[in-house]
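**Student:** Here it is: the structure, laid out below.
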């Protein structure tokens, strides 16, 4: 679930506000873009989101320098992290109204998986907030999103520096496993507290004759990483080779 969003996914068409990773084809074929008004809005949106994740990055660095330790740095960036990650819900709307040519279903899945991890796990189970695993996925997300939103901004302006394109299609090699590891370890750390408190679980009997075990649900989410992670990771590796090699060939003909 959250694994798909760790590096902003491997499928989709990007387009400045939708979510796509090493699999978007913006480097290999041109598509009709949004109108002038929509483009202006998307540029502003992506600039704001880039700035937001830069604020998170600076907050992490400042907190580390002040404390001299990487433990419990989450508390120093908790509010901006929640705000800007939740703000990504707008990307679902971008796809729904057609200003970004990405799948509404895929984008919803990717965005909601991150929002779920932030609010339904990290926020709800406060005992895990001091875990190093939280910092692991926060750092991975932060670097990924700074690059991703910068990529979309420059793409919309038709002036994409090769360094940003290279970073987008290369750094996921480290950031994706790093983010996934942090997510899994955080969910795992939350399990005993969820079970003890019966968090978000619904027991029978009740008037709706319905039960839900949040503890088991989290375990299923962790299991879902097993088929999803390798498939997306190697797909992204393949797309990286295709897109960056196409860029190199294009440079030779210039």
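From the backbone N, Cα and C atoms, a Cβ is placed for every residue, glycine too.
The topological domain 'Cytoplasmic' annotation in Swiss-Prot covers 2-41, 98-107, 147-169, 236-254. According to Swiss-Prot, the N-acetylalanine annotation covers 2, on the basis of experimental evidence. Feature annotation from Swiss-Prot assigns region 'Disordered' to 11-33. Marked as compositional bias 'Gly residues' by Swiss-Prot: 12-21. According to Swiss-Prot, the feature transmembrane segment maps to 42-60, 80-97, 108-125, 131-146, 170-187, 218-235, an assignment based on sequence analysis. According to Swiss-Prot, the topological domain 'Lumenal' annotation covers 61-79, 126-130, 188-217.
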**Student:** Between the stretches 131-146, 170-187, 218-235, which one has more Cβ pairs under 8 Å with the transmembrane segment (108-125) than any other?
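**Tutor:** It is 170-187 that shares the most Cβ pairs under 8 Å with the transmembrane segment (108-125).
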**Student:** List the helix, strand and coil residue totals of the topological domain 'Cytoplasmic' (147-169) as derived from DSSP.
**Tutor:** 17 helix, 0 strand, 6 coil
**Student:** State the non-local partners of the topological domain 'Lumenal' (61-79) in its own chain: residues 6+ outside its ends, Cβ under 8 Å from one of its Cβ atoms.
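**Tutor:** Residues 122, 129-130, 132, 134-135, 138 contact the topological domain 'Lumenal' (61-79) from elsewhere in the chain.
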**Student:** Counting only residues 6+ away from its ends, which parts of the chain sit with a Cβ under 8 Å from the transmembrane segment (170-187)?
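**Tutor:** Residues 2-3, 6-7, 21-22, 117, 121-122, 128, 131, 133-141, 143-144, 147, 218, 221-222, 225, 229, 232-233, 236-237, 240, 244.
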**Student:** Which residues, given as numbers and ranges, are at least 6 beyond the ends of the transmembrane segment (80-97) yet have a Cβ under 8 Å from it?
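**Tutor:** For the transmembrane segment (80-97), the nonlocal Cβ contacts are 17-19, 42, 45, 49, 52-53, 55-56, 59, 74, 103-104, 107-108, 111-112, 114-115, 118-119, 123, 138, 141, 145.
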